[in-house]
């Protein structure tokens, strides 16, 4: 994946979100609670979709895939962050940083594409409802999900290889709570012009193009919904949850990757939203606005109580 022998740096120091011991203990408990809610909420959503045959449709297949993605994504960042909150030496090995970098980038990029495919699914359901079952069958849904994961994996593999093939000869302090590309580039003593081009291409493919597809889908959806006299609110209500998730995820991602005037202290605080808050909120947002999901989760909990 990379060639560590080019660097004299064997570990990185993560400054985290605060140097105040009291604030670190407080953040530890906040992150721990958020992480447990993320795991519980997303696992419940996955089990609800799996066990309820009425939810075996494209919309819920995408939703369960998003839940699994959120579990993996937050797990690539939060456990190490929790350890560092309680550690005097907040370090991560060169290899550990590379692994964390790969998985956080891979899963984040996959979510960008998955949200775009979910927007397309809602577009077909509302704008072409008579052909929905033909266009968005389960086979097509699984193919879209596979494309999301494969594309994210390939591009993040390229980014990881070139990033950790750079020479890191010091300093080794990262002003963040996990390993992110912009900060690693600042620490390298190699020529990073080629990697900046790769970063620009990757950002365009996995951030701007999916966002453009989402905007086009929702413009078409809004246009169609405005022509409906009966059931207008019901038609658009199926999109609200997805739209809220898109705004939170893309809003914070665009701030980090596309806003040139932000400070590093601001960046790491904003990163809390897409690394910790968004994975926790996603199952809550989707279940609170979806009666079918609520019913499936209640049946799941009731069945668990009956078994015990």
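Using the three backbone atoms N, Cα and C, a Cβ is placed for every residue, glycine included.
Per TrEMBL, the feature transmembrane segment maps to 22-47 (among others).
According to TrEMBL, the domain 'G-protein coupled receptors family 1 profile' annotation covers 41-286.
Residues of the same chain lying 6 or more positions beyond the ends of the transmembrane segment (59-78) and with a Cβ under 8 Å from any Cβ of it are 31, 34-35, 38-39, 41-43, 45-46, 49-50, 100, 103-104, 107-108, 110-111, 114-115, 117-118, 121-122, 125, 138, 141-142, 144-145, 148, 177-178, 238, 275-276, 278-280, 282-283, 286, 292-293. What TrEMBL lists as transmembrane segment is 59-78 (among others).
The transmembrane segment annotation in TrEMBL covers 98-120 (among others).
Annotation source TrEMBL lists transmembrane segment at 140-158 (among others). Same-chain residues lying 6+ beyond the ends of the transmembrane segment (140-158) with a Cβ under 8 Å from its Cβ atoms: 1, 58, 61-62, 65, 102, 105-114, 117, 120-121, 198, 202, 205-206.
Residues or ranges marked as transmembrane segment by TrEMBL: 197-219 (among others).
For 240-259 (among others), the entry in TrEMBL reads transmembrane segment.
Sequence-remote contacts of a segment are chain residues at least 6 beyond its ends whose Cβ falls under 8 Å from one of its Cβ atoms, and for the transmembrane segment (271-288) they are 17, 31, 34-35, 37-38, 41-42, 44-45, 63, 66-67, 70-71, 73-74, 77-78, 104, 108, 176-178, 180, 241, 244-245, 248-249, 252-253, 256, 294, 297. According to TrEMBL, the feature transmembrane segment maps to 271-288 (among others).
Residues 108, 111-112, 115, 118-119, 122, 180, 182, 203, 207-208, 211, 214, 218, 267, 270-271, 273-274, 277-278, 281-282, 285-286, 288-290 of the same chain lie 6+ residues outside the transmembrane segment (240-259) yet bring a C-beta within less than 8 angstroms of a C-beta in it. Taking the domain 'G-protein coupled receptors family 1 profile' (41-286) as a whole, pLDDT averages 85 in the prediction.
Residues 1-2, 59, 62-63, 65-66, 69-70, 72-73, 76-77, 80, 92, 144-145, 147-149, 151-153, 155-157, 159-160, 163-164, 178-181, 184, 202, 206-207, 209-211, 213-214, 217-218, 242, 245-246, 249-250, 253, 274-275 of the same chain, all 6+ positions outside the transmembrane segment (98-120), place their C-beta atoms under 8 angstroms from a C-beta of that stretch.
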